[in-house]
Amino acid sequence: MIHLAADFNPGKPNPRTPEVAPALSPDTLSISQQKTVQSVLQFVVTLGVCPYLMPGVGVPLRYRTEFGAVVQDLVCLDAAPHATRRLYTTCKVLLNVAKHASLGSLIFCRHFGDIAAGLCQLGFCPAKRKPPTSAEEVLTEEERTLSRGFLRDILDQVYQPLAVRELLILQGGPLQPCTDVKTQLRCQAPAWLRRLCGQMLSERLMRPSGVQAVVRGILEGAGAGAAGGSDAEATAADWKKCDLIAKILASCPQQCLSPENYYRHICPQILDLFHFQDKLTTRQFQRVATTTFITMSRERPQLAAKYLLQPMLAPLHRCLNTTEIPESDLVPGTILVTEEEFSRCIEDVFKVYVVGNEPLSVLVDSLLPVLGVFFSLYCFTKQSVSHIRSLCQEILLWILEKLERKKAIASLKGFAGLDKSVPSLHSLCQFRAATQGGIMITIKEAISDKDEDEVLYQKVSSEQGQVEHLGDLLSHCEECGLAGDFFIFCLEELTHVAMENEAEFKTKPFSSKSLLELEQHQTLLVEGQERKLLVLQLVAVLCERMSEQIFTNITQIVDFVAATLQRACASLAHQAESTVESQTLSMSMGLVAVMLGGAVQLKSSDFAVLKQLMPLLEKVSNTYPDPVIQELAVDLRITISTHGAFATEAVSMAAQSTLNKKDPEGKIEEQQQTSHERHTNVSHSHLERQQSHEKYPQTGPQCNAPFILQEVSEPSTATNQKSESVTTEQLQQVLLSAYDPQIPTRAAALRTLSHWIEQREAKVLDIQEKLLKIFLENLEHEDTFVYLSAIQGVALLSDVYPEKILLDLLVQYDSGKDKHTPETRMKVGEVLMRIVRALGDMVSKYREPLIHTFLRGARDPDSAHRASSLVNLGELCQRLDFLLGAVVHEITACLIAVAKTDREVQVRRAAIHVVVLLLRGLSQKATEVLRDVLKDLYHLLKHVVRLEPDDVAKLHAQLALEELDEIMRNFLFPPQKLEKKIVVLP
């Protein structure tokens, strides 16, 4: 038996059987027992507590139920023992019973309010002088003290939002006239009870997590419910409740030592309200937190800046260039700000500033020092996919709109790099993509001195990217006028660049300076040149990105014209007049003429602004060499001085010329040449030379360039003059220029041919084979301008004759390295992508050859060609929809094999990108088209996310999983459409 017992090893019990469940506590009540206890408790409270409460203390029993009114009338208050003694005994017995764990929850969940009301009356009700029948005659002081202790104990013991809610009910509302009998007694709570409840509510607030308890107590009591739901949405949308809670939290209680002590305890809890993860209560808490944040900032800005704004913006201040980073954190790769901390910071700033939308001075001033970090973050997010990008953009647009215009311009100068004094991201810090899709801030890796070219390249590319991203940001600021003001500032800076005297930068003799002074002087020279280049780049980007509505008022237009006139005067002073300056000056003065000519309804205040141009116009009229511009400047001064009462013919002609810039008939050049022909012989001789070129065209390539450039620059003229078709002589000239060794002439010829193909010129389309040969030969040219023009020409030609040309392109694309270079095949792949996009739904006709070519290209030895084939395959599949048919299995097998086995990173990226395009193009059709391979694609994406070492491929896979998740959610849970059909009966 001993050996049997030692060798006995029973198997593990099944955890799902009732026998394995843990034993319940011996005092656990069954459901029927709980119902019995609840009935007994209701009987005890109804007969032993509620009838003996004073008027105004608690909710009267007669207004709860009809049975309660009957019980209230049957209770005799004059019988012995005294009513106060009865109340004390009942409360004491209930509290003794509540010490038991199983019974305490039943008592406090249902009857906490009545017991708390009774203890308040027993422990805190003041003694009455007349008649002498108060509680003091029945209860001893020790019993009253014991009642106070009982009250504080149960307040600390129960669920705090429940305590807050019951105290608010006991406190009642403000004294006001009430017509309803039920609410009249509730509005007349005794003064001592209101003070007591206010004190206890303040104590609840000052406890740990007291803010959360108060917010939950008020919102749940207001109808939001603990579970949220539709009531929670309604409460979150009710800003009045949020304002009420904000006023309560922002008000310092009387028993608090000082407002600063109160803010020190409360503000961290308010910031925690932003970070609740419960989806049902998140919106409520965030709205309350935002409203409280703004209320505190409005009432006590200094304390709010110290205890709210500084902790919230601390992660951003930690990486400013004005902050000294500790030596322990200077190790390359050290994480200064974690992903979670940084994401919380950005989201909190968005909720406070953008959602709150209160441009208080303390909020704006606190955000100013970290705007440089926000812009650097915005530039970083523009380079990849991140959910933080939209938040950064909204924050930057909000602050730029709310700032004073001078401060906004100063901030934009810092963004562009023109003002080094504006705080920005520390030079040792960098943004890095984090594992959860967010961003973190780390210390840069040290770059050796040997990589000077790499450092220079990173600096130049970073500055160029910042300028381009600044242009994108300003494109959203046109309506508020900020984009126009900054553009005018850039023009003024351009004027300062033109006015700088080069003699100041000439180096003095070497003997008169020390080496240190020479080095400092050279540094200043380099910084000056960098600033000039930056200004020129800014003006170029703004001219490219901004629309015609960049100027929103007369003042901006006048400032623009003034900047142009100043730059023209500066060019004259340095004897640096150019054709561009002359054209810009004519355009700006024509703009003033248009305003004075009646295009804009001018007021007297507008003429006061226009008078700022008077000194500049006078200077132009006295110094500019062109007599036409001199005369126009004089006439404009007269018109402005007379407030438009007198306008000469020159002003009217200038206004008409400027308005005709957008004339669809394209007769502007002739009008301008005629105007100049009247006043100067130079323009007349130039016109004659141009006419002679057109009348007697020569055969040399040098003489063909003016004609070709004119055709390219004036496509609208060629389009509208349909009666004049292309002549054989003109076509021969352009064909010869397509082989010109001069790059501009050759590119212009290719673009002219593309333009004629687009216009469906009959003579051009008759030589399609010759044109295809020309374009394909130019594809091999190394200059970008030439081969991009050739790509455009082949794409347009394929759009006209896809049957003949598309198959030839596929053969050339599918050829090996021995016939065509890899670069040429890549360019043909770009042509095929443009053809697929241009064909749209018609691409289904050429489905078979396209798919087979791209699938064969996915097995090519050249990795670049494999990636190109996969990308083109993705573009094709995105447009085929249900026409994919049986080839979907081949495509899926190809993608799985490439994504798992290909050694080149770019090829694996392309394969995952095809899946993204496929799911994005099919959208809700994916469940039908890909039903046989959808599971395989899902397994592929999960494999890439888990095992792929490349971060970009992982990102593409994550995007594809998000697309697939959205598709399946909409498939399983289609949106409910509530439609009401109205039928008109005959």
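Every residue, even glycine, has its Cβ placed from backbone N, Cα and C.
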Region 'Disordered' per TrEMBL sits at which of 1-20, 21-40, 141-160, 701-720?
1-20
Any residues 6+ beyond the ends of the domain 'RNA polymerase II assembly factor Rtp1 C-terminal' (934-966) with a Cβ under 8 Å from its own?
384-385, 433, 437, 892, 895-896, 899-900, 905, 908-909, 912-913, 915-916, 919-920, 926-927
Secondary structure content, the domain 'RNA polymerase II assembly factor Rtp1 C-terminal' (934-966) (per DSSP, counts of residues):
30 helix, 0 strand, 3 coil
The domain 'RNA polymerase II assembly factor Rtp1 C-terminal' (731-842) - residue tally per DSSP class, helix then strand then coil:
90 helix, 0 strand, 22 coil
